[in-house]
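TrEMBL annotations:
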- Glu91: active site, proton acceptor (ACT_SITE)
- 97-326: domain 'Radical SAM core' (DOMAIN)
- Cys111, Cys115, Cys118: [4Fe-4S] cluster binding site (BINDING)
- Gly158, Glu159, Ser190, Ser213, Leu214, Asn215, Asn288: S-adenosyl-L-methionine binding site (BINDING)
- Cys331: active site, S-methylcysteine intermediate (ACT_SITE)
Amino acid sequence: MRENIKEYSLKALKEKMLTLNLEAYRGEQVFKWLWQKDADDFTVMTNLSKELRKLFAGIFFIPELKILKVLSAEDGSKKFLFQLEDNEKIEAVFIPEAKRKTVCVSTQVGCPLQCRFCATALMGFIRNLEAYEIAEQIRLIQKQIKEKITNIVFMGMGEPLLNFENLIAAIEITSSPLALGISQRHTTISTAGLTDGIRRLLNSPYKVKLAISLNFPDQKQRSKMMPINKKFPLSEILPLAKDYSIKKNMVTFEYVLIDKINDRIKDAQKLLDLLKGIPSKINLIPYNPHPRLPYKRPTPEKIDKFHQYLLRSHHTVTMRKSRGQKILAGCGQLALS
């Protein structure tokens, strides 16, 4: 049975070449063809001899996620529906801006966290994505749009830190100069706050950015809306976030503003109290409604009032632009719909 060559890391592929009595650099050549030159067949690898191409074709196969559908929004955002080798489906989003081209990528099929305001939770959890399935989303979107991707956010379907090993292996691919060559400093992992995963990241050599989906400064309310808070409470998350900001990159706290849930001035003050002493940024995300969920976005006036209150504290606060809402490509809207 032939092996899936994209399941090999660069290091493993070089080691595989040695077991085939070939030079290790052959692994680098093949890796570059697969991830940088979009090779979907060994016959196109023209810096390899015909004998080598034939040998590799007999040992390996080259998988490729299928793009089933692309939905485009007026703002230039595009939502991609992918089909995996086992026919499961995932979504990813391309977000163009003047100085950056960002891809929001999935790390799981569905999600087990059951956040009440997130459409992906409606799918339940099916499985973790393999490392190559994560990286392939970026490669295929880049190939489709014919523009260089500059930024990655692991903020699509799933909780990235529940798929830690494959996430890190995917980052090895996306950041490799022989593959996609996207800087780790332009790569962001968004998490609901899994402290064991944050700790592993903190102790790793990787220089990725960390975004923590905080959303609810009240512990009781956060546990209700994000059940994972019962296992990983804010009291454990925040000290780790402070360490990450000091030792790695400044942490961003994401705050999804939901009408009549967490959009009051007293919620803003609670948030500021929580983050006191933690070098961090706040990213406000006005809620993106989904037809299958009851939650709504606050009025523009309420959003602005909340935003201005935070700004007066001299905390660094950004407001997430609503992108791709009409094609259900916004934050929290990915649910194969």
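Note: Cβ is positioned from N, Cα and C throughout, glycine not excepted.
Across the annotated binding residues for S-adenosyl-L-methionine (Gly158, Glu159, Ser190, Ser213, Leu214, Asn215, Asn288), the two most widely spaced Cα atoms sit 19 Å apart. Mapped onto three states, the DSSP output places the residue listed as 'active site, proton acceptor' in strand. For Gly158 (S-adenosyl-L-methionine binding site), the nearest neighbour among the recorded positions Glu91, Cys111, Cys115, Cys118, judged by Cα separation, is Cys111. Listed in sequence order, Cys118, Thr120, Ala121, Met123, Phe125, Met157, Gly158, Glu159 are the same-chain residues six or more apart from Cys111 ([4Fe-4S] cluster binding site) with CB atoms under 8 A from its CB.
With respect to Cβ neighbours within 10 Å, the binding-site residues Cys115, Cys118, Leu214 differ, and Cys115 shows the lowest count. A Cα-Cα distance of 14 Å separates Asn288 (S-adenosyl-L-methionine binding site) from Cys115 ([4Fe-4S] cluster binding site). For Ser213 (S-adenosyl-L-methionine binding site), the same-chain residues 6+ apart in sequence whose C-beta sits under 8 angstroms from its C-beta are Ser190, Thr191, Ala192, Gly193, Met226, Glu254, Val256. In this structure, the CA atom of Glu91 (active site, proton acceptor) is 23 Å away from the CA atom of Leu214 (S-adenosyl-L-methionine binding site). Leu214 (S-adenosyl-L-methionine binding site) sits 12 Å from Cys115 ([4Fe-4S] cluster binding site), taking the CA atoms of both as reference points. Averaged over the domain 'Radical SAM core' (97-326), the predicted model reaches a pLDDT of 95.
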